[in-house]
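Accompanying notes for the structure given below.
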Amino acid sequence: MRLLILTCLVAVALARPKLPLRYPERLQNPSESSEPIPLESREEYMNGMNRQRNILREKQTDEIKDTRNESTQNCVVAEPEKMESSISSSSEEMSLSKCAEQFCRLNEYNQLQLQAAHAQEQIRRMNENSHVQVPFQQLNQLAAYPYAVWYYPQIMQYVPFPPFSDISNPTAHENYEKNNVMLQW
């Protein structure tokens, strides 16, 4: 039993993380690393992100408007060219006009599909941005290595019972002298 306890203690001691040697100034000055980040820097970061988002949104709406204008101009240009050409048979004229109309409708449909996809992408981006955390996170000596939290928890929880029982004293009833029962170890 003692050998088992000894081996467990040795295993825990060997598995214990080494102290961080890269940043000795953090170990010497733990109060500096746990200082709260000023609110102004967070607001500046969020304002910068909002400005970038607005600029991107404006660029994308301009691109959509440009493509919409180009598609309508293509349809308008295609119709006069069709009229100017002299085609002898009326069946060819009707087939060309139907093709031009179908092309314009298909182009408008594609533009609507692009707008819908763009709107869905914007909604997805806004949802992602609402879940983005501020990149300024506090660093302290325990956060330098993530496995150190297992050994050094920051909040000690109240434990209502002792984690280890006293092995040296056996557990017995008050009147154990009168009973012929073996003691529990």
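The backbone N, Cα and C atoms fix where each Cβ goes, glycine too.
In Swiss-Prot, the annotation phosphoserine falls on S90, out of S34, S90. Here the modified residues are S41, S90, S91, and the one ringed by the most other CB atoms within 10 angstroms is S41.
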